[in-house]
Amino acid sequence: MSDRIFGAIGLLLAAGYAWAALIIEESFLSDAVGPKAFPLIIAVVLALASLAIFLKPDADPHWPSLGRLLEIFAAGGVMVVYALALPELGFVIATALAAGYLTWRLGSGALGSVATGICTSLGIYVVFHLVLGLSLAKGPLGF
Amino acid sequence: MDTLSSLADGFVIALTWQNLLLALLGCFLGTIMGALPGLGPSNGVAILIPLAFTLGLGATPSLILLTSVYYGAMYGGRISSILLNIPGDEPAMMTCLDGYPMAQKGQAGEALSLSGIASFVGAFLATWGLILLAPQLVKIALLFGPAEYFALFTLAFATLGGVASTNQAKTAFAAALGIGLAMVGVDTQTGVPRFTFGEVHLYDGIDFLVAIVGLFALSEVFIFLEHRHGNSDAAGKKVEIGRLMPSWAMLKYCTPTMLRTSLLGFLAGVLPGAGASLGSFISYSMEKRLVDKEGTFGTGDPRGVAAPEAGNNAAAGGALVPMLALGVPGSGTTAVLLAVLLALNITPGPLLFTQQPDVVWGLIAALFIANFMLLALNIPMIGMFTRILLIPPRILMPIVAMVSFVGIYGISGSSFDLLVMVGFGIMGWVLRKLDVPLVPVILGTLLGNAMESNLRRAISIDNGDWWTLIDSPLSASLWAVAVIGFVLPIVLGKVLKGRIKMAKDEEGSVTD
């Protein structure tokens, strides 16, 4: 079943891709092939592959329970928030929070999570910023 | 003689204190990454590329660092195979078969150092093979025009699934997805934006480093979250290391095996679509058929440890031949190494050998240096590496995620790329669940633009005639190989995969 849904989404993706390729504005200065042809070929390959997946699906993978699935999306959400918060909070605080969250969800205890988060953040800051001189996000506090 | 003097020049470039230090660091980090389950050579190199890049290292030093990581990870994969019966990466799977029984017999130390020596022999001979074979391949590659290159790229994608691939449709899907993503951005030939949907950040296209780190490193974090697999596999399993050096008698006993499998592995590495996993599989099965007269393979025969290790390291070296000489990688890890080169603004291919020989020979010298260092590092320090296996993933995985963010942020300094990377991470997780290979996606984002521009150049030269793509004998034969390479696994794939599994299952029933 999963592969059928995957194949169907793939077909939609191919159609969307082909449509996006067709609306590319051609410039008056163009080579013999133009900017549209190759993306259209790719859209065809994508569609054929999706069709094959749809018609001849593999056995279903083992999908996690709803709780686990939410876990993964929550982690993805935390990473998104982390990316957006980096310039606001600065590297050290944002990283300590994100690393602490991840290790907590992977099964560390409360105290362990706080400690791991802070140590990871400070460790990376020391190694990559202070020793190697990489520029990291600066927050209002300057670190 | 010419080759030897070029090689000497390479050593002059590579042998500075800074480079030696980088090689040491790379070997050390690589071995750790290879040993830890979940962090293979592709992941390891992927995380470190942006770092090497943002640290402002020059081309040769970065290459030395990252190839050392690559070779180190190939070495490291065997440690958890032998001690825990869990392969650190896919090519190390065959090492479990005899390595783990040896460890149970109290010969873990011998198995580890023997496999270290076998890895060294395989990689050392393969590096010589690279030196001898790559310049020959370059001579052929110089005959290639744009049409031949387009055919060659197609060949690379068609055979990427490998002989053991089970579902070619999914491989094709992955390749098309990757190439499709590479199209995003301003078209280099006409200057019109494509697939950008008005988003200014997308005008430069999607940085392949963002895609690689997201697909490999972040998706691994999600996999661990899914299983909430936070405890170390090594916890609670205590293995006696035993004596460290194998006896001379054992080494002598294994030498013919190592030499044969090195050759076989190297050939498997050079051929498109085979790669290191197949190299170690073929090596093991051939040795088993050839020398296993008493039926000791699978019960802790030292030759069964030496064979797959020599084979997979030789294949890793062999895979560098098409990558350097043609610019077309044949396996996942070499695809990541290609990303290294592209990130450094070095385009591999025949011209690299004539225009930037210092890069090529510096790299080859670096391979030799890494090899000797790994041998020196692995035998005395094996105890330390085994202790690293005790670090639980619940601490390790957040570090992996955060270091990935640091590397990508260092390149662009914008949150946008980080968001794209998280998107790739989620996508990578979904694709892995659906059994879609990730390597073609990576290779597609890496090669998509080159593929398109070769196509357009070929057709423009011939005034818009599409038949030009197949009208030279060279390109026609490349197309033929591509088609065969794509269709063959549909027939053979199931058989081969079944046999690899069967070998593993048989072993499982013996040890349990």
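Backbone N, Cα and C atoms are what each Cβ position is placed from, and that goes for glycine too.
Marked as domain 'DUF112' by TrEMBL: B:20-443.
Through the fold, the transmembrane segment (B:20-39) approaches residues 14, 48, 57, 61, 64-77, 79-80, 84, 86-89, 92, 220, 223-224, 233, 366, 369-370, 373-374, 377-378, 385, 388-389, 391, 393, 396-397, 400 of its own chain, all at least 6 residues removed from its boundaries and within a Cβ separation under 8 Å. Taken from TrEMBL, the feature transmembrane segment applies to B:20-39 (among others).
Under the heading transmembrane segment, TrEMBL lists B:46-71 (among others).
Taken from TrEMBL, the feature transmembrane segment applies to B:111-133 (among others).
The transmembrane segment annotation in TrEMBL covers B:140-163 (among others). Tertiary neighbourhood of the transmembrane segment (B:140-163): same-chain residues 171-172, 175, 272-275, 277-278, 325-326, 328-330, 349-350, 437, 439-440, 443-444, 447, 450-451, 454-455, 457-458, 461, 468-472, 474-475, 478-479, 481-483, 485-486, 488-489, 492-493, 496, selected by CB-CB distance under 8 Å and a gap of 6+ residues from either end.
The transmembrane segment annotation in TrEMBL covers B:169-186 (among others).
Only residues 6 or more beyond the boundaries of the transmembrane segment (B:206-225), in the same chain, are considered here, and those with a CB under 8 A from a CB of the stretch are 38-39, 42-43, 46-47, 49-50, 53, 181-182, 184-185, 336, 339, 342-343, 393, 397-398, 400-401, 404, 407-408, 411-412, 417, 420-429, 431-432, 438, 441-442, 445-446. TrEMBL lists B:206-225 (among others) with the feature transmembrane segment.
TrEMBL lists B:263-284 (among others) with the feature transmembrane segment.
Same-chain residues lying 6 or more positions outside the transmembrane segment (B:324-347) and placing a CB less than 8 Å from one of its CB atoms are 40-42, 45-46, 49-50, 52-53, 59, 62-63, 66-67, 70, 73, 130, 134-135, 137-138, 141, 152-153, 155-156, 159-160, 208-209, 212, 216, 269-276, 316, 353, 356, 359-360, 363, 438-439, 442-443, 446-447, 450. Residues annotated as transmembrane segment in TrEMBL: B:324-347 (among others).
Taken from TrEMBL, the feature transmembrane segment applies to B:359-379 (among others).
Annotated transmembrane segment per TrEMBL: B:399-431 (among others), in sequence order. The list of residues near the transmembrane segment (B:399-431) in space but at least 6 beyond its ends in sequence, with Cβ under 8 angstroms from a Cβ of it, reads 39, 43, 47-51, 53-54, 174, 201, 206-207, 209-211, 213-223, 226, 438, 441.
The transmembrane segment feature in TrEMBL is assigned to B:476-496 (among others).
Confidence across the domain 'DUF112' (B:20-443), taken as the mean pLDDT and rounded to a whole number, stands at 82.
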